[in-house]
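*Asks:* First the structure, which I've put down as structure tokens, then a few questions once you've had a look.
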Amino acid sequence: MIPPELQSRSFRPYIAASIISPSSSSSYPTASPYSPNSNFPSSSTSSSRSRFSASFFAHNTRIALALAPCAAFLLDLGGAPVVIILTLGLMIAYILDSVNFKSGAFFGVWASLITAQIAFYFSSSLIFTFNSIPLGLLAAFLCAQTNFLIGAWASLQFKWIQLENPTIVLALERLLFACVPFVASSIFTWATISAVGMQNAAYYLMVFNCVFYWMFAIPRVSSFRSKQEVKYHGGEVPDDNFILSPLECCLHTLNLLFFPLVFHVASHYSVIFSSAASVCDLLLLFFIPFLFQLYASTRGALWWVTKNVNQLHSIRVVNGAVALIVVVICLEVRVVFHSFGRYIQVPPPLNYLLVTVTMLGGAAGAGVSALGMNSDAFSYWAFTALTVTVSSVGAIVVGFPVLFLPLPAIAGFEFARFVTKKSLSSYFSFVVLGSLIVTLFVLHNFWDLNIWMAGMSLKSFCKLIIAHVVLAMSVPGLALLPPKLHFLAEICLISHALLLCHIENRFFNYPGYYYHGMEEDVMYPSYMVILTTFVGLALVRRLSVDRRIGPKTVWILTCLYSSKLPMLFISSKPVVWVTAVLLLAVTPPMLLYKCADILFEDF
């Protein structure tokens, strides 16, 4: 369901028509169901000026998460000359700003960036690095565009520019939101390829495109519009108070859907039809972003297509069903049977049918739950039957003993009851049964193998994995307990983070394992360290926003997850724990600052 503040007036009869002025009604004849997340170009310059309000740029954190890593990567490419020039230039700009010479500081920042860019061209040797003049020139243009966007972002921090040139400030804000997703995803992919290789480059680009689409392409409120505009139409913000227009949103959608696919075709054109797995790559690179786009439409991402709620729901259901079937089938070919075929205990052709039922049923259940389509009685029983079927068939696929098949069926029933009825007792029953199922699966498949991994036996690793899964399954239920019992969720989260740091530290820093005296390479890729780190940080932020965990736990978890990143640069076994202790030692002032902010907000 769409919250009231996102609904049109036709869905909110409690808003009296008398509170809407005639001028407002004539200017905005059609109410948008996604008006807080939509944008149209302003009707006139005078109207924009009258509604302009000089204020702090509210999207600094969002821009910093995208452009700060890009700036660090460019500094690494440019080397010492760029760092020296930029440091000296910014020091001069800081001195000018400290003596209240604001215009001098502004031009000092831009002069520093331009000079550093010129030095970058002479020190980076991009043409020789790519061994191609077109690619080198394209990379140079990308670096220059990134540098320009950093300058535009810096310009928004000068309030005198907001006061003297309001239209320029609005244009810079719109420029940032329009261009940063393209630039940031390209730079992030470039850096990732430099670290881990080119083989899965299109998938890296797809992931970064999805992340930055969510951050920037979902329409946001402008920082420089009058706050009084929010009160128009009973809470609806006028369309021209938002940053992006339909044109930019359309371009972002095209980039999300087609750029990873085109990039893959351009870099693997000789093998794109060489096997079934290669064809599945093409389909996945289109339909996974397409599914993400449909999910983002629940936040107003497709407001530029239609504003009718029923039409949007139809678009999501029909297109989502087709995309889901394609993605599931391609994942079966590309991942399940390719990498985990040895664990499928059912002979062909029955294995293909059962795996398809399991994956497609699970994906359909997740989609129904995400769209909130399991609220009535019929949907409840259909969702419950689907969950029980998926869990039972999945247990058969992995060779679960027939004697214990009621366990996954009951676990599926309890999970469905938790999702639909929000029953905590059902969830903890699911956790107990799920933990037992995982334990039986691990004992059945791995316990008797005489293998040493990362300096420890496989049995020790199985114990760690079981504990890790049990802790991860317990967190959602513990987080829903009353506030007085939130300390249980905090203890579980900290224990889970410590265990994750230990496992990744062992596997990433021990390069080989021993199997009957034979040493082979163990591949725990660096992108897994990055992925688990940022997923953990995102989970911490979500729980903190929902007031499920306290500031001290947020501080500890942030330090633990961040301490894994130095593994990528420093080859040392104790680097994770040394970094964690260092972060815990030097960051308490930040914790006190956050606590003070919370106290003042409550006051």
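Using the three backbone atoms N, Cα and C, a Cβ is placed for every residue, glycine included.
All TrEMBL annotations are machine predictions without curation.
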*Asks:* Between 352-373, 484-505, which stretch does TrEMBL give the note transmembrane segment?
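*Replies:* The range carrying the transmembrane segment annotation in TrEMBL is 352-373.
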*Asks:* Any contact between the transmembrane segment (135-154) and the transmembrane segment (269-296), i.e. 3 or more CB pairs below 8 Å with pairs at least 6 residues apart?
*Replies:* no
*Asks:* Who are the chain neighbours of the transmembrane segment (464-481) in space, where the CB to CB distance is under 8 Å and they lie at least 6 residues beyond its ends?
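*Replies:* Non-local partners: 418, 422, 424, 427-428, 430-431, 434-435, 438-439, 442, 488-489, 492-493, 495-496, 499-500, 502-503, 543, 546, 548-549.
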*Asks:* Using a cut-off of under 8 Å between C-beta atoms, tell me which stretch among 63-96, 202-221, 269-296, 380-404 contacts the transmembrane segment (352-373) the most.
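*Replies:* Ranking 63-96, 202-221, 269-296, 380-404 by Cβ pairs under 8 Å to the transmembrane segment (352-373) puts 380-404 first.
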*Asks:* Can you name the far-off residues of the same chain, 6+ from the ends of the transmembrane segment (63-96), with a Cβ under 8 Å from a Cβ of it?
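*Replies:* Tertiary neighbours of the transmembrane segment (63-96) are 104-106, 108-109, 111-113, 115-116, 119-120, 122-124, 126, 143, 146-147, 149-150, 153, 176, 180-181, 183-184, 187-188, 190-191, 212, 215-216.
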